[in-house]
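I'd like to ask some things about the structure below.
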Ligand SMILES: NC(=O)c1ccc[n+]([C@@H]2O[C@H](COP(=O)([O-])OP(=O)(O)OC[C@H]3O[C@@H](n4cnc5c(N)ncnc54)[C@H](O)[C@@H]3O)[C@@H](O)[C@H]2O)c1
Ligand SMILES: O=c1ccn([C@@H]2O[C@H](COP(=O)(O)OP(=O)(O)O[C@H]3O[C@H](CO)[C@@H](O)[C@H](O)[C@H]3O)[C@@H](O)[C@H]2O)c(=O)[nH]1
């Protein structure tokens, strides 16, 4: 059997590497039109940083895992085609800022129809609006020359930073298909591939639309929990309750559960905001404005939480950060990834630069070039942004340190040394509630955390 995956990104690369590892008899080709990305997949430094991924790619690459730009050739050869292209929020025209941009999905469907000369199973791996399989089927049917296609939905639930562990032992694998004989056969083919390493009871099969919709709903529910606890973090700051204690107390209720209740500077990542905006847009499209507004509030709360963080920095620093050096520790949207898409750090840096601060960023995995590109350095504000090679360098002479990503290494920093090199009074704004606040206060820092009032040492 031959598999091809179109799109060698954060999803296509790791998911296909896992299939190649678990099914050495299946040839897996990952193709992408981005030649630089493919070259990186074929190099020693993979384009995606994920703990454990290097080892799997090294084991399988050249054996039954191949990365190439030969999209058309891979389509012709494949029995199963995973579509793992990007589906970003539309930035133009109808639905701009909310709807999913499906032009990459459509272009893939057209290329598949042009090239296919033998039966294919098309698997939607990308996150897409419910009913997209219908669009794909229509395009295939209108352009194929007598070739049989089956379309399945198989959304991906991996989280970045834990992709390998998530792929190895997923909570569930979801596969949606049509209840026709051909659809059932295609569904069974895909079930059999996952069943090589995923227990059968964790492979959930549904109709196409339930599967497509479940992906958006899963992300909406997860993000909703974060916005809920972040909303409570503001109330905690006003009342001297401690949001981590509240989260722990409510999370012990098995009906609520402990996960995704970590208050923060705001959720980031390429998925949550995009998928909720898309869900909300779909609700409006289907004539459900109240439902649309309900889900949109999750994003609105997140935007507020990010802005609130910068406002606190400005207010604590005596209402001006102009020309003050602010060290930003962490730029990735979460730890253990080099991905910065929709990272809260982007908003915080831009807002601080807008306040005319000198912003110095350090992140262990994100390049200076990426940081500059994300923040946008074209104007005078951008000129006040710099990137340090270490946390210590970033903090030297700073008025304040803002922790924006929960990298473990930040916990081990020598804060006595950092304090000694900072302008006084020295502030720490812990956007992740990562550090030992009592210890910092004892050193002499003024500490501001999310959802708690920290007793100050001096
Ligand atoms: N990043 C995640 O953690 C994650 C998790 C679950 C689901 N998803 C979903 O998976 C999809 C892919 O996400 P990603 O983060 O891997 O995106 P990505 O941007 O990292 O990768 C997508 C790749 O597709 C390629 N591509 C686009 N059109 C193409 C075409 N016509 N032919 C060949 N290559 C093409 C792009 O060049 C790019 O390299 C999205 O729909 C996303 O919502 C992402
Ligand atoms: O309690 C929490 C948990 C997460 N976050 C933040 O939320 C964002 C998203 O985190 P996470 O969900 O762990 O990472 P993603 O890689 O974005 O994964 C989400 O988005 C993927 C893409 O759709 C899905 O596949 C995953 O199941 C879903 O968890 C990050 O900024 C986190 O720092 C918090 O602030 N508090």
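For all residues, glycine too, the Cβ spot is worked out from N, Cα and C.
According to TrEMBL, the active site, nucleophile annotation covers 271. According to TrEMBL, the NAD(+) binding site annotation covers 7-12, 32, 37, 85-89, 126-127, 160, 271-274, 341. According to TrEMBL, the substrate binding site annotation covers 156-160, 215-219, 255, 262-268, 333-334, 432. Annotation comment: TrEMBL describes 327-437 as domain 'UDP-glucose/GDP-mannose dehydrogenase C-terminal'.
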Please compare the recorded positions 159, 216, 263, 271 by how many other CB atoms fall within 10 Å of each one's CB, and tell me which has the fewest.
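Among the recorded positions 159, 216, 263, 271, the lowest count of other Cβ atoms within 10 Å belongs to 159.
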With DSSP assignments reduced to helix, strand and coil, which class does residue 89 (NAD(+) binding site) get?
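Looking at the DSSP assignment, residue 89 (NAD(+) binding site) belongs to a strand.
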Taking only the Cα atoms, work out how far residue 333 (substrate binding site) lies from residue 160 (NAD(+) binding site), in Å, as a whole number.
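Answer for this pair: 10 Å between alpha carbons.
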Is any of 216, 266, 333 (binding-site residues) within Cβ reach of ligand 1, i.e. under 6 A, and which?
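Cβ under 6 Å from ligand 1: none.
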May I ask which of the binding-site residues 32, 86, 159 have a CB within less than 6 Å of any atom of ligand 2, listed in sequence order?
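Checking each Cβ against ligand 2, the ones under 6 Å are 159.
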Near residue 160 (NAD(+) binding site), which of the binding-site residues 216, 263, 266 can be found within 10 Å, Cα to Cα?
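Of everything listed, nothing lies within 10 Å of residue 160 (NAD(+) binding site) (Cα to Cα).
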Given the binding-site residues 156, 159, 219, tell me which ones have a C-alpha lying within 10 Å of the C-alpha of residue 273 (NAD(+) binding site).
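Those close enough are 219.
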Do you know the DSSP helix, strand and coil residue counts for the domain 'UDP-glucose/GDP-mannose dehydrogenase C-terminal' (327-437)?
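Each residue of the domain 'UDP-glucose/GDP-mannose dehydrogenase C-terminal' (327-437) counted once, the result is 40 helix, 19 strand, 52 coil.
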Under 8 Å Cβ to Cβ from residue 32 (NAD(+) binding site), same chain, six or more residues apart: give me those in sequence order, or none if nothing qualifies.
6, 7, 8, 9, 12, 38, 67, 69, 71
What mean pLDDT score does the domain 'UDP-glucose/GDP-mannose dehydrogenase C-terminal' (327-437) have in the model?
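It averages 95.
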How many whole Å apart are the CA atoms of residue 263 (substrate binding site) and residue 271 (active site, nucleophile)?
18
Name the residues of the same chain, 6+ apart in sequence, whose Cβ is under 8 Å from the Cβ of residue 10 (NAD(+) binding site)?
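Once residues fewer than 6 apart are set aside, residue 10 (NAD(+) binding site) is near 48, 160, 163, 270, 339.
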Listed recorded positions are 86, 89, 271; which of them have CA atoms within 10 A of the CA of residue 216 (substrate binding site)?
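For residue 216 (substrate binding site), the recorded positions whose Cα atoms are within 10 Å come to 271.
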Measure from the CA atom of residue 271 (active site, nucleophile) to the CA atom of residue 219 (substrate binding site) and give the result in Å, rounded to a whole number.
8
